[in-house]
Each structure stands twice: as structure tokens, then as C-alpha cells.
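As listed in Swiss-Prot for this protein:
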type	residues	note
TRANSMEM	6-26	transmembrane segment
TRANSMEM	45-65	transmembrane segment
TRANSMEM	98-118	transmembrane segment
TRANSMEM	160-180	transmembrane segment
TRANSMEM	186-206	transmembrane segment
């Protein structure tokens, strides 16, 4: 009994220490505001302490990839006033809440929830890649619902380059998921779920965000839900 208690305390201490170090690094990078750092730290602790290091690594992969693509063509984005290098707690919750819920379900023995976790993160990553890289394209964006030409940055607008970038983002998370958890089906489910979530983001953005019915965080949340569900459904049929 004492050994179990000691192991629990050690795991708790190590988890807190790792999360504090990561929080300081994120704070220094200025990628998140103070509330965002706190929120992401809580999420990170839940994943690390209750789910394990592999779960945390996958979420960190999304964060790191997001930071990298946000800084691609930064000067061009600043000139167009489309840069968003510092994100808030709302962004953290919109992209991380659904993955955390799937991770909690996985703790309780729902094996399919791991796929939902990976696929929902893939959806968030895919959307980030499309948004951050798509605006650098010289193509004229088209609204996903009507394919009419619209201004860059319009909610629900897509480009071929941005869509392909989104496919890459989803695939990378699917690949990382496979490398971490060892099931080759994760690549397909994660990629497909990520793409589906990204397209759902554009569709909901065109139908509701443009009209002011939903905001960007609502749309991102819906994208992760769709991505997670699609990934799970595909996994269950394989």
C-alpha cells in the first residue's frame, strides 16, 4: 500500500514538474496569452497524469505544428492583417476540449475513444494548416457552399492549396498517432477524420459564421467533434 502511494506521489510530482516546464516554454514563446497558458497546462496535466505521455506528445505535436505554420509567411500575413500568433483560452478550449473528452473516455476503457482523440486533434491540425497556409496562396478563394469567388479570410472560403495543406496536417497527426500507438489503421482514420473536420469547419463557417450566428471558436469546436466522430466510425467499420 505504501509503495503504491509513493508511486502515485512520484507520478504526480513528475507530471506537475513536466507541465510547469512546458508552461514556461509556451509562455516564453508568446504563442498563448496567460489564460491560454493556464488552460493548456491543465489539459496537459490531465493527459499526462491520467492518460500517459503518449497522449500528451500527440497534443504537443498539434501545438508545435500550429506554431510552425503560423509563422510561415508571417510578414505577408502581417501586411494583410491576418496574423494571429498569440492565441487565447477560447482557442485552447475550442481545439482541445473534445480531444480531452475522448481521452477521458479512453481512461474508462472505451478503446474507440483513442481514435476519437487522434482524429479530433487531426481535425484541429488540418484546419490550422488550411487557415495558416491557405491565405498565402495566390489563388482566389471560393466559398465552399456556392464556389463563388470571395475575399481572402472570408469564413467558409477554400483554396486548392489550403485544402491540400489541410490534408497534410491531418496526415501528419494520423502518422504520429500510428508511431505512438502502433495501429496502422490510425493513419487512415486520423487523416480521414481530420479532413472531414476541416471541411465541416469550412461548411459551418460559410453557413453560420459569416452570418454572425456562430463565432470562430464554435466552428472549431464543431470541427473537432465531426473529426472525432468520423474517425471513430471509420475505425469501427474496418
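First residue shown is number 1, and so on along the chain.
Cβ coordinates come from backbone N, Cα and C, glycine included.
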At least three Cβ pairs under 8 Å linking the transmembrane segment (98-118) and the transmembrane segment (6-26), pairs spaced 6 or more in sequence?
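The transmembrane segment (6-26) and the transmembrane segment (98-118): touching, no.
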Ranking 45-65, 160-180, 186-206 by the number of C-beta pairs under 8 Å to the transmembrane segment (6-26), which range is first?
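Looking only at 45-65, 160-180, 186-206, the most contacts with the transmembrane segment (6-26) come from 45-65.
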Same-chain Cβ contacts of the transmembrane segment (186-206) under 8 Å, 6 or more residues past its ends?
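Sequence-remote neighbours of the transmembrane segment (186-206) are 115, 118-127, 130, 143-145, 155-158, 163, 166-167, 169-171, 173-175, 177-178, 214, 219-220, 222-232, 234-235, 238.
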